[in-house]
Amino acid sequence: MSGESENEFATLYLGNLIPLHAVLMGLTWIIHDYCKTIRNLPDIRQPRKGNIGKIMFLWVRYYSIALLLFDTVQIHVFSIPRITSDNLCIAMDPITRVAGAISLWSIEIIMQLRIYALFKCSKRVAVFNGILFVGSIAGFSWILAHNAIRRIAMIADVIHLPLPGCPDVHSGIEWAQWVPATAYEGVLFGFALFKTLESTADRIQKGRRVSLYSLLLRDNILYFMAISCILVFNNLMVVGVTKIPWFSYGPFHAAVGVLTTRLLLNLQKAASPDVSASSSELSGSNIPGISSCPGSLTWRAVSDPTLSLGSTPGDPYSTEHSPLNTFPMQGTINFEAPGTTV
């Protein structure tokens, strides 16, 4: 083996060792986060059976853990000599990407629902985001198929080398794999930023305190910024010109799962002992931390049945500007249909 070939082999070998350690960090992180937040699970189970918010939370939490276990087992089993083959490496690459994409798509559905609620259940916003969401999935699928076909030739020259796992080789348009998702996250971020600026300006002008509505906006902004940075970092790892080594998708999957879990628990924690939902079909608890669409429900303070928010349908800040819906709260808040009493 020539000196140049030895250097290339050493680079490939080192590149394959990094995911072995990085994926363990991701698994440790998400299990540690699960153990720290396990006491919050009873709060999620309190809403009635079939609650959409509860189902989505449990799906994101446990699918993320299962995904990290899959990543860890797959990477370490493939590092065993004579386990991998051309066909196995070619098949496993798109499987890993699709498994990670399912996690991201699930979370994007949650964020679409939050944006939908922030814009007063606007059908135009829902349809617009839905079309872009389907477009991002189509773009991801096309790039995935294109890269899978090219990968056969990409790893043909190095698959025979004694590497710990499938060759860490990236080329072609593989860097564009997460561009559709990144672009879509940018659109959702734009919607959240618009509402945040609008709400902040109004709150400063009227001297109101931070409410559940503002908390929802703040968490949206922080989440979109974090996820966008992670997606951009993934693209930089693959593009090859930044000298950033490939860490595998383990840390990315862990970050997405932890961020989303914390985002949902943050609103649940803010509302949990003080905010409850009635049995109305359109209760805001269907989406964690999101109040119901304007015109469908009226908020009333349990501690004082004679007081109501006096909100009017179509007012996007009726939930924010009432002194009853601010923190700290002395009583609990029920979502109940107009005309009923607490």
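Even glycines carry a Cβ here, placed using N, Cα and C.
For 12-35, 56-78, 98-119, 126-145, 175-194, 215-234, the entry in TrEMBL reads transmembrane segment.
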Note = Given the transmembrane segment (175-194), its same-chain partners at Cβ distance under 8 Å and 6+ residues beyond its ends are 97, 101, 104, 108, 111-112, 115, 118-119, 125, 129, 132-133, 135-140, 143-144, 147, 217, 220-221, 224-225, 227-228, 231-232, 234-235, 238-240
Note = Sequence-distant contacts of the transmembrane segment (126-145), meaning Cβ under 8 Å and at least 6 residues beyond its ends, amount to 94, 97-98, 101, 105, 108-109, 112, 115-116, 173-174, 176-181, 183-184, 187-188, 191
